[in-house]
Structures are given as structure tokens and as C-alpha cells.
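Everything below concerns the one structure shown next.
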């Protein structure tokens, strides 16, 4: 809620939540602030890294210098410059600490992505034990994916309002309890119900993890850390079937859920002790101790941690002054914006096909002409896991490189007068451009995978196409998560849940229809049809790349005009009201 004049209005969800911040300049580089490359050179000279604490200085920007810096840098460039050279650093976490946070977030979210594919190799065992057909057993997969898309849209708002830590930990606890119930489930109906509960508990962790990374990174490094976090978290989806096949072959399907119980329980204990609260409206740059005990990690009570986080000298200026408003429909409103919807639909469909591919590996390799055992099928998932791992590491670096390159060209053109001074940097174009090559490449690999399974081609064709497809899927996820955090830094968990909702909803639809489509079109025909939809959909992404930022600016202007007119109307109403003279309704009775 933003206070404006005599009344309050809600921010339009299509715009970022802006708050008035102190203006800064850095005294060591004021003379050469026209070049971003000079800042990069200084970074290298000092051995510094974005987000480190050691080399930053800050002073208030005098009014006579404000216009000079404003005219030489875009908003994105100024943001990174101010953050990098600010005496109150954007985050007290150094480079090593940030990677430790990535490891903790992976421990949280890994079990969400693992919960679905670890189950695939055991589907045949469930069919036999409960005497159900393929369509019914697929329902247990579909409901998990469905709630994996829906639950984060609500939990993301809770995390943006009450903090990341309590929502993550409560979700993990629900997941552990549901996994115990699944391991002991006596009937098919109980399995379906507890799969819903299991998904509701753990699925928000993926979106919230992106929000946590957005809390302690700036745009110039965000791609690396969001990409790594998203990629590591979703490695469970790539390696899950390998683990599930080993467990089901050694024991039975119940061993899978005991494994999830033990693994997530251990991760819960680690995260409970070590994971700090990062929501900037609660802890700022981590120098402010949370008031709510649920937001306090035990490790931060140690003297060494207190000194590192500077609890004795908190910097309240780093607090996000925007008051988050919990809205259950917030994620859906963001997702419905044209530039967001057009950006998310093609990658979401491509990612849903990846989920379908992982399921198809198990079902197709267990049938003729392959007739592989569970252990061999599990090994066949290894290339998909390796491809996803490479995609996670490589894409983050590519995204950051693309961002810096585009921003540098933009700054040079602005300095040369080629583009207007008031034009904003097109961050949507920079981020989406890094997605398109992978999205077009996966069209080819999905078609080849489908026909490899359909015609019984040699197994290397299936392994290679699954590896490349996994690389593309992880690349797409990293780029889209980074873009959403960039566009909505104040509610990054809610924004990240939009892509989660899109990809999981489409995955649930495809999984629900796969058996019938395979029967009607064959595996090759099904993957060819869906890959064609991805190919056509990819061209939709060119629309937000070109017009997305303009649409957002137009909505900002309309929102500003609406706020101004409401202010004026309220002011006129107040003046009119003050001129009205009221007589008392109570009159003394006349004496008779």
C-alpha cells in the first residue's frame, strides 16, 4: 500500500513497487561515472565481487550532481552502481555466503522436484498392488503436479508478507508428515489424498527460493545465483527416476516415501538451524534482527554471527519500506498481464514436454522392444540429469553476460545521443533473448525423442535427446525465474510462482492426456504435435521482447494519472466539506 496525498491506493500489479530512496554517489569514481566498463575494471583491480562488503563507500548525492548522474546512466545501471558502492551494502553476505545460501535453498526445494519423478518407476508396481489401470495411476502424478502449480500462488504471497523462513520450514514439515502417511498408505484413495497434501506442503519452496535469491543479489549477478538455485532444485526432477528405480528394485514402492521422509527430515533440521530470514521488509540487508521468533535462525544467535550481521549497529535505511499486502489472486493478476503471459506460455509448454519426456522414458523403456529392468531404466535417466546440471551452471553465466552486454550497448547509445535520454533499458528483451535458442532447439530434440521411442531406435538416440532436452529445460527455467524477480523485486516469491503455476498446470494437463494421445497418435505423433505447438508459441515471445516494457510504462502512466485525479478529487471534496455549516440536531425544549 502506497500512501499518496490524503488517501491510499493499491499499486497496479503491472508495475514495480517504487519507494523513495536516498540518493547516493561514490566519491572514488565520480569523475568517470559515464562508463560502466570503468566500474568493472575497478572491480577487477580490487578483486571485488558484487555484493561484497569490503570496498564500498557512500555519501548523499548533492542536488547539483543528481542530474549529472541521472543523465549518464539508465535506471538499471544506477541501481547497480549505487548498490555496489554503498556504505550500507545491499547484502551483508559475501560471495561465499551466497553460494552457501544456494546450497541451503537447494536442500529445501530439491524435495519438491524429486517428489514427482521418483515415483515414476513404481507406477507399474502400484497398478499391480491396487489393481488399477494406467489412467488411474497417472492421477496420482497429475494431482501432485496440479497442486505443485496452485499452492505457490498462495504461499508466495505469505512469504512476501510474513517472511521466507517460516513458510519454507512449515511446508517442509507438512511434506515429511505426508510422506510418512504415504509410506503406510493402505489404499489407492489415501495415496491420492496424501499426494495432494505432500505437494501443497513442499511445492512453494521452488518459487520462494527464487525470492530469497532476489533478496540478496543485484541484477548484474542475479542470473548466476537464480540460475544455479533453480537448476539445482530441479535436478531432483532429472535424477528422481534414477533414485526411484533403485529403491523400487531393491525393496518396493513404499521405500520411496521412507526415503523422502528421511531426506526431507534431515534437510528440515539443517535449514531450521542455518537458514536466515532474508525478506528485506523484515531484515533489510540482514543487519536487522527479526522481531518474530519464527524468522530467527538459531545460528544467528551465536556471537560470531551477530558480529558478522552487525546486529549491534543495524542499518534501518536498507529496510524495504513498501508494506506487502497479502492477496490470494496477486499471482494470477501478474500472470494475466499480456507481456507476462506471452513470455511464460512458450517456455511453460516446453517445460511441460520435458516432464512428459521423463515420464515416457520409464513407460517406453519398460515395454517392447526394450523390456529393460527397473535398475537399467534408472541408469537411462543419468544423461537427463547431467544435461540439466550443465544447463543450470551455464545458463546463469550466459544470462548475466547477456545482461551486461546489452546494458553496456544501451549506455553507449544513450551517451552518443542515438536514443532519448528518458528511454528505459529493455530488460525483458535482454532476458528473453537468452531463452529463444534453447526453446527452438528443444523442438528438434523432442521430435527425435518421440520417434526414437516409437520406432524402437537404438538407445543412444533416446539418451542423447533426453540430455539435450534437459539442458534446454533448465536454461529456460533459470532465465524466466530471473526475469520475474527483476520485474517484481518487492514480491519476488509471488512473481516466481507465476512460472511455477504455468509449467506445472501445463504438465498436469499433458500427463492427464498422454495415455489417450499415445493410443491415438503413437508416441512419435504425440511429441511431434506438442513440439509443433512449442515452435509456433516461440514466436509469441518476440511480442513482449519488443513491446513489453512499453506496455508496462503505459500502465505506470495511467496509474499515476489515476492517482493524481483521485488526489485532486479528494482535495476538492475536503474543501467543499469544510465549507458546509452543520446545525445541531439537538434543540432545547421550550418551556410551556
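A Cβ is built for glycine as well, from the same backbone N, Cα and C atoms used for every other residue.
What Swiss-Prot records for 1-77 is region 'Disordered'. Look at Swiss-Prot and you will find 99-119, 139-159, 166-186, 188-208, 231-251, 255-275, 340-360, 374-394, 432-452, 459-479, 497-517, 523-543 tagged as transmembrane segment. Residues or ranges marked as N-linked glycosylation site by Swiss-Prot on the basis of sequence analysis: 138, 285.
For the transmembrane segment (340-360), the most Cβ-contacting stretch among 99-119, 231-251, 374-394, 459-479, 497-517 is 497-517 (pairs under 8 Å). Segment contact is absent for the transmembrane segment (497-517) and the transmembrane segment (231-251), given fewer than three CB pairs below 8 angstroms at sequence separation of 6 or more. Annotation: stretch 255-275 has the most Cβ pairs under 8 Å to the transmembrane segment (166-186), among 231-251, 255-275, 432-452, 523-543. Looking only at the glycosylation sites 138, 285, the densest Cβ neighbourhood within 10 Å occurs at 285.
Long-range neighbours of the transmembrane segment (139-159) within the same chain, counting only residues 6 or more positions beyond its ends whose Cβ lies under 8 Å from a Cβ of the stretch, are 112, 115-116, 119-120, 123, 126, 167-168, 171, 191-192, 195-196, 198-200, 203-204, 206-208, 211, 279, 324, 326-328, 330-332, 355, 359, 491, 493-498, 500-505, 507-508, 511-512. Sequence-remote contacts of a segment are chain residues at least 6 beyond its ends whose Cβ falls under 8 Å from one of its Cβ atoms, and for the transmembrane segment (231-251) they are 102, 105-106, 108-122, 125, 205-206, 209, 259, 355, 358, 361-362, 373-375, 377-379, 381-382, 384-385, 387-389, 391-393, 395-396, 470, 473-474, 477-478.
Among the listed stretches 99-119, 255-275, 432-452, 459-479, the one sharing the most Cβ pairs under 8 Å with the transmembrane segment (188-208) is 99-119. The transmembrane segment (255-275) and the transmembrane segment (374-394) are not in contact, since fewer than 3 Cβ pairs between them lie under 8 Å (pairs 6 or more apart in sequence). Within its own chain, the transmembrane segment (523-543) is flanked in space by residues 339, 342-343, 345-346, 349-350, 353, 356-357, 360, 364, 432, 435-436, 439-440, 442-444, 446-447, 449-451, 453-455, 510, 514, 517, which lie at least six positions past its ends and keep a Cβ under 8 Å from the stretch.
Between the transmembrane segment (459-479) and the listed ranges 99-119, 374-394, 432-452, the one holding the most Cβ pairs under 8 Å is 374-394. Straight-line distance linking the Cα atoms of residue 285 (N-linked glycosylation site) and residue 138 (N-linked glycosylation site), rounded to a whole number, equals 45 Å. For the transmembrane segment (374-394), same-chain residues at least 6 beyond its ends with a Cβ under 8 Å from one of its own Cβ atoms are 121, 227-228, 230-232, 234-235, 237-246, 248-249, 357-358, 361-362, 365-366, 438, 459, 462-464, 466-475, 478. DSSP assigns residue 138 (N-linked glycosylation site) to a helix.
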